[in-house]
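This report refers to the structure that appears directly beneath it.
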Amino acid sequence: MNPSIVVDVLYRCRDNLQMGQRLIDLVASKNPGFKHSSLSLSASIHILTRSRMVSDAQALILRMVRKSGVSRVEVVDSLVSTYQGCGSNPFVFDLLIRTYVQARKLREAVEAFRVLKSRGICVPLNACNSLLGGLVKVEWVDLAWEVYGDVVGFGLELNVYTLNIMVNALCKNRKIEDAKLYISEMEEKGIFPDIVTYNTLINAYCCEGLLEEAFDLKNSMSTKGLQSCLSTYNAIVNGLCKNGKYGKAKEVLNEMLQIGMSPDCTTYNPLLVECCRKDNLSDAQGIFDEMLHRGLVPDLVSYSSIIGLFSRNGHLDRALSYFKSFKRVGLVPDNVIYTVLIGGFCKYGMMSEALKMRDEMVDQGCLMDIVTYNTILNGLCKGRMLSDADRLFNEMLERGIYPDFCTFTTLIHGYSKHRNMNKALSLFSSMLQSNIKPDVVTYNTLIDGFCKEGDMEKADELWGDMISKRIFPNHITYSILINGFCSQCRVSEAFKLWDEMVGKGIEPNIVTCNTVIKGYCGSGDVAKAYEFLKKMTSKGVVPDIISYNSVIHGFIKLDNMDKALYLVHKMENQGILPDVVTYNVILEGFCREGRMQEANLVYKKMIEQGVNPDRSTFISLINGHVSQDNMKEAFRVHDEMLQRGFVPDDKF
């Protein structure tokens, strides 16, 4: 037995298909190691196709197209050369193209299609539509139009399926007007749009935010003898939700219910996703419950959304309850669901629970990806669990998962925040060696860490390195460095940076301005701080409570109580209410000067305004009374302090 004999016998069986099938079965069962040629496979495919044994024929087509070293030309030519001998029919070429498409071998399908065309063989329209649909699905739209031109060139009579595929192609490329023009051209040829065509256009309008046009098209369907279906309404609901029209989407849902249409998960999911995006817990809960009430089984999208919502907002018990329900209905959690839950635990500092969830995830066979690792690393860094973060980072590297920008930035921020600048710099070097480009946030983090360490030289060096890489500082960078210089009483250098920032057109914000005020006050130049406070408004920055408190405190340190009180009144006139810091600063000033009557009035006003005193309030009052030898009043304040739950140091 050899391939040539198989071909010869199958030719002889062209009028006895049952005998041909027996030979094919015999070769497969008695000769499992038999090596078919392209011709023997082709002859077998023809016989099986004629016998309507489509799945068996497809299995042999797959075997042939996957055969090592066999080109598309050889596949087509072997089928063509055995066609007459087996008395075959054109369906075999339909099957060939559709098998390529179903196997997701779209480029090979196009090549085979073109070889068939070059051999003068007209591929059946069903196969052409399958190829066109496959190309559009993977968004190879330009290639789809080339194949479409070939199909038209064959002179094939197109149908509504062809129309819908090409309308979808135009809509994917956001060419809605071209799609409408194409539909008109097809109507002239006697091919009319159906409900699928209209749904495709409606969905395209919704994706573009053209909601009025979508509604107009929906309403015009009845004039064409078409009735809106579930897909029509789902496209409208989805479009409304994506364009922030949640209320209108709810109205459309109600309309569906009123006309007796049964919404499905695809209807409810956009509404649920929009509620979750807005952190609207009650509405999201209501929609989810309505889905259950209507007998729908929420899917992966539904559960992912609701679990994410409750996790983000700290309702982790409810998130876990939904997670258990998710598993009860037979859905299998993936790494996305697990990462969402882990992220919730990390956000609220529940690291032991986060790590338990990580362990369950791994036990269930879900692989941790870079997102999961980054989520846990962020939680560990926020929780000051830097040794654990370091171990997890090493585990990540050992498992061949390469750190990304987020990984490095998270760790650099964690170590910088906790004053381990050597480790932060080491990670920064690794980041550069990995060809991951830092951004302004990365540099801001490092510069801030060194400023807080008082190492202005290193901060300045990083500033220079940042600019050399054409990463330009923003207002936050300037604020950090200005604050660093001010903290070191290097006010002149701070103001050089201020002038540079303003000169570059970078608008200062309230944080930067407050940093400058702090710098002036720290260097004892309160008058300049006051002048700067007055100029802030002209620069479009409205002073806040911190701005005023800094200058008030500055005047009090200079024993200028009148100026300090003037600023308090000015602040109140501008609608900025004094806080506990303001009152404490004024109290301390009066107490230090022994003006206890005024101090008591300030304390009384503080209570009347609903501002709760803190430990510093009572310490100032006690020390003030002691300095005036009024021990009775000092002990009275001491007792009040104890009643409010504050522990004094008893050093008075």
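First residue shown is number 1, and so on along the chain.
Every residue gets a Cβ built from N, Cα and C, even glycine.
TrEMBL annotations:
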REPEAT    89-123  repeat 'PPR'
REPEAT    159-193  repeat 'PPR'
REPEAT    229-263  repeat 'PPR'
REPEAT    264-298  repeat 'PPR'
REPEAT    299-333  repeat 'PPR'
REPEAT    334-368  repeat 'PPR'
REPEAT    369-403  repeat 'PPR'
REPEAT    439-473  repeat 'PPR'
REPEAT    474-508  repeat 'PPR'
REPEAT    509-543  repeat 'PPR'
REPEAT    544-578  repeat 'PPR'
REPEAT    579-613  repeat 'PPR'
Long-range neighbours of the repeat 'PPR' (509-543), counting only residues six or more past its ends (CB under 8 A): 475-476, 478-479, 482-483, 485-487, 489, 491, 494-495, 498, 501, 550-551, 553-555, 557-558, 560, 563, 567, 574, 576
Long-range Cβ neighbours of the repeat 'PPR' (89-123) (under 8 Å; 6 or more residues past either end): 45-46, 49-50, 54, 57-58, 61-62, 65, 72-73, 75-77, 79-80, 83, 130-131, 133-135, 138, 140, 143, 147, 150-151, 154, 156
Secondary structure content of the repeat 'PPR' (89-123), with strand meaning DSSP E or B: 25 helix, 0 strand, 10 coil
Integer average pLDDT (0 to 100) for the repeat 'PPR' (369-403): 91
Summary of DSSP states over the repeat 'PPR' (579-613), given as helix, strand and coil counts: 26 helix, 0 strand, 9 coil
DSSP helix/strand/coil residue counts for the repeat 'PPR' (299-333): 26 helix, 0 strand, 9 coil
DSSP helix/strand/coil residue counts for the repeat 'PPR' (229-263): 26 helix, 0 strand, 9 coil
